[in-house]
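Reviewing the structure listed below.
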Amino acid sequence: MTARNTFVAGNAPGAVAFIASVRLGGLSARSSSSVCRSVKARSFGMGRTSVAIQPKPVLSAHKSGRNTGLLRMSAAEATQNKETYEFQAEVSRVMDIIVNSLYSNTDIFLRELISNASDACDKKRFLKLTGKSDAGDSLSDTEELAIRVKCDEKERTISITDNGIGMTKSELINNLGKIAASGTAKFVEALKEGAADLSLIGRFGVGFYSAFLVADRVTVHTKSPNDQKAWRWESEQTKNFTITEESDPRSFLPEGATSGTTVTLHIKEGMEKYLNDFSLRQLLELYSEFVSFPIYLWMSRIEYDKVKEKDEKTGEEKEKSVPRTVYNWELVNKTKPIWMRKPSEVTDDEYNEFYKSISRDFEDPLARTHFSAEGEVEFRSILFTPRRLPFELAQNMFSEAARPLKLYVKRVFISDKFDELIPRWLTFIRGVVDSEDLPLNVSREILQQSKVARVIGRRVTRKAIDMFREIAERSNPKDYETLWENFGRYLKVGAFEDNEWSKDLRPLLRFHSSKSGDKWVSFDEYIGRMKESQNKRIFYLAAENRLAAMNSPLLERLKKKDYEVIFLLEPVDELVFQQLNGKYGDGYTLVDVAKSDLELDSEAEDSKEDSSQTQALSEAELEPLCKWLGELFKEHVEKVKVSKRLTDSPMAISQSTYGMSPMLERFMRTQAAMLKEDIPPGFEQKRIIEINPAHPVIHQMASQLRNSGEADSEAATLLYETALLQSGYNIRDYGGFARRVTKYLQSSLLNNLNTTGGGDNANANGDASSGESKAEAVEAEVVGDAANP
């Protein structure tokens, strides 16, 4: 989707006409009001924008009749051969939009001017190589096309000089007098056919005017091989600009050059930070390090001369060092863009050094992929996988400070602050993307939502996944363990939130399991050692940690069957499994063992495998106990059922089919607390109690209930709370839980003391009676908490 806005000034005296032609998805509109709204809304970000402002010579009051385009000048002006032109169409307003609205960072003025200089050099080189114009003959075989930058703190100026193609007088008027009438863009269009090697950057037309971000006056000296004369263009960001003939082009051209341009910025107040070579060097290294032509900066350095001086007291000559400032041209862009070379031509050391330079990492990368794309979209890229989590992601895994990729267009740095190219789950990778024709907005700072960008994003993402897969397939499993332990959470996020890439990421996921120990297991490894009796079921359990998972009573029957269970130890793990919707691969089913409807084998097979079940009470015998427990914990429990999975524990807590795991429940509570939000209605879910029909404790409680019509509610509460903890839940009343544990511990110790007969009988009896009275007091105190764990 593209947008083109054209502002044209009317030639009628006193009339200013705005004509906007806006094409968005095939729709067009022409109205002055829509233009005003577009300008006010900074519509330049919508696409490539062309703002053509026709310059109109200022007519003298003595001039009448036809508009010859000439200015009746004073004698002094005539001597200087100066012509003054007037910007039309409210140029002050338009320039204000460009300077104050389009660019959010004043640093980019140097990038834009360097890009223009590079264009000029590229154009000159191309014309010489193709022979399509005599202008190319102006480049001698010994002349080096280059760009030179110099600042003068005393004069408050910064100059950017190139020995490129230069401009004629008419080109000065058309290219610098009309905003967004870039001669470079016209040049690319005119030579598009058969110009595959053409590499021009400036296609936006307003980059030159970014000079006014830091300057209140701009002077352009230029000489074209197609014009015998040299010219000077000057403007102070007002309604006018002047053009004057230059008498001697050698005053601004590099030595030996026959054509070229020098742009001089007269720095405005408040922008003094740019008037030193150190600041300029930093900007050049950031934005223009990989420009095709050498960039030289006029640098100062301190040297010391040894001089002899006579000591006034002793009369002896002594040698001392006297500092002096020396200036010379220093090459700034020494590093070559290695992504432009063939992978076979780049050494490991070069890749590693390049990675460290763009990532500020001190370690070599874990992996890399170097590739180029041709056809519908052309770009080159190098991606790296770090060995450690970048420090800027330590606090926030999706921090904007991460800046994973650096975006270049024609080797000119555009931005490292964007998320249009890659999904956020790839925030941890590092690399560069250099596109030949990536569409940008008018200020080059914001990537458009375009088809080209989407294509690049998909290919970069595909290559990143292929890079991770290559690590996983290495003979040394430690490499993928390093990746997973540092960045596994990112791949999990991609697997559950990115539908486009979820299927590709699933084989890369790793988990702990009941059989993996300290190692990680993939889905494919799990399936490879799955027992036939599992019937293609992949069992999993969410838990706080591996120890809690291994000790969960919910696994007892599965352990006896030697079934492997995957452990989900982070909330994001559960989100991944929810996204899988109960299915994986070719006919495999994901089964949560914490659900109450878990079905294993038939009762007959269970009884054969476990002799303890022969002592189990029937469901009919346990029905009164189930009802009694359900009534006791009715506020928190949905139902009580006889379990077929418990072998060692008397009780466990499971969930309904759509219930939430205890870990995810805690995560939701924490998130709500952090956001200072209330827990949503319906969040509180009732649990399901499963009792072991073969356990002695259950037998005893059933017997008590059968004989006296009442069981021990304190014992039942303690049993329920213990089951909650073992199943991964929190209990509400830890104080009540502690009192109940203390009571039964005290009772147990007293019984042991009476059984052994140790100590004085009277004391023993006294202690016993004292202990019983204390126990009764505790029971009376906590009776109100019995059914409210």
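For all residues, glycine too, the Cβ spot is worked out from N, Cα and C.
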TrEMBL annotation (region 'Disordered') - matching range among 125-159, 580-614, 755-789: 755-789
Of Glu112, Asp162 (the binding-site residues), the residue whose Cβ has the fewest other Cβ atoms within 10 Å: Glu112
In three-state DSSP terms, the structure that Glu112 (ATP binding site) belongs to: helix
Cβ neighbour count (within 10 Å, all chains shown) around Asn175 (ATP binding site): 21
